[in-house]
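Worksheet: one structure, shown below.
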Amino acid sequence: MMDVDGQLQISTRSAFWGAVGNFFLMALKLIVGVMGNSRALIADGVHSGADLGSSIAVIIGLKVSRIPPDESHNYGHAKAEAVAQKVVALLLILAGFEVGSGAIRALGRVHSQRPDFLTLIVSAGVMLIKWVMYVRQKRMALRTGSHSLMASALDNRMDVISSGITTAAILGAQWGLPHFDSYGALAVAALIVWLGVEIFSQAANDLMDRAASTETVESIRDVCLNVNGVKMIDEIRTRVAGTQVLVDLKIVVDSNLSLLEAHGIAHRVKDAVMNLPRIQDVMVHVNPD
């Protein structure tokens with residue numbers, strides 16, 4: 001079973017290579033978009049710039065989340081991931097509005113030049129590259145339970161869609177429909193803003209102590225009930241902090257047990273739950289039957 005530190009190392013490495021990929025894709029799309037006269041490809045390049053900023057924010061968030069608990073942060077720094085997600089979301093929303101406003105302004109102008117054929121090749125190629133990046137990052141996010149890495153993977157999936165729109169827009173402009181390029185840029189901008197809002201909502205949930213999944217809670221319940229001496233469970237409360245889960249339990253034991261015996265049961269319950277994936281800490285309260 002992979003420990004939390006191993007999960008964070010894998011997530012950080014994946015985010016780093018994502019940042020490297022986004023840097024080169026951003027440069028490629030912006031240069032070819034400007035030289036090839038494609039506003040849609042430039043918009044896609046701005047999106048990749050936001051992706052680059054997002055990847056950097058994710059790396060910083062993951063690095064900070066590995067800092068152990070201290071006097072100021074008794075439960076550690078795992079929520080730095082959610083803070084990184086909010087930075088990602090705000091960057092995307094700002095980039096989307098900027099790209100959208102530029103596309104709207106362009107619709108009011110007369111277009112005399114069609115996008116170069118090279119812009120079409122680059123846009124289609126980027127779409128394939130982004131699909132590979134999405135599949136790899138999603139696999140890593142599911143493996144590690146990293147919400148910020150999953151946010152980055154979903155952003156890559158949106159890139160596949162936006163690159164498809166860009167490709168179609170460039171193709172339309174080359175067929176003699178000049179405003180298609182600007183319409184494509186506007187559609188990409190809307191997708192960017194939509195994704196930013198979605199990621200922001202996810203981060204807000206994490207910062208407000210969102211509960212763990214039903215599957216995680218049921219796993220905790222099953223493990224507790226398998227501990228000898230536990231008669232029933234009065235309450236299970238969980239809260240997600242980055243890749244980790246904090247658990248508060250109220251268990252019921254025989255009222256005739258001594259304090260030492262009841263404490264021993266509580267300790268065994270904690271050890272059993274701590275062996276589950278992603279569990280960072282467990283607080284067990286004992287109630288008599």
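For all residues, glycine too, the Cβ spot is worked out from N, Cα and C.
Because TrEMBL annotations are produced automatically, they should be read as predictions rather than curated entries.
Listed features, source TrEMBL:
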type     : residues : note
TRANSMEM : 15-32    : transmembrane segment
DOMAIN   : 18-208   : domain 'Cation efflux protein transmembrane'
TRANSMEM : 87-105   : transmembrane segment
TRANSMEM : 117-135  : transmembrane segment
TRANSMEM : 156-177  : transmembrane segment
TRANSMEM : 183-200  : transmembrane segment
DOMAIN   : 213-288  : domain 'Cation efflux protein cytoplasmic'
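Along the domain 'Cation efflux protein cytoplasmic' (213-288), the predicted structure has mean pLDDT 91. Scored by C-beta pairs under 8 angstroms, the transmembrane segment (183-200) has its highest count with 87-105, from the stretches 15-32, 87-105, 117-135, 156-177. Where the transmembrane segment (117-135) meets the stretches 15-32, 87-105, 156-177, the count of C-beta pairs under 8 angstroms peaks at 156-177. With a cut-off of 8 Å between Cβ atoms, the residues of this chain six or more beyond the transmembrane segment (15-32) that come close are 38, 41-42, 44-46, 48-49, 51-52, 54-56, 58-59, 62, 116, 118-119, 122-123, 126, 129-130, 133, 137, 148-149, 152, 156. Residues 39, 43, 46-47, 49-50, 53-54, 57-58, 61, 148, 151-152, 155, 182-183, 185-186, 188-200, 203 of the same chain lie 6+ residues outside the transmembrane segment (87-105) yet bring a C-beta within less than 8 angstroms of a C-beta in it.
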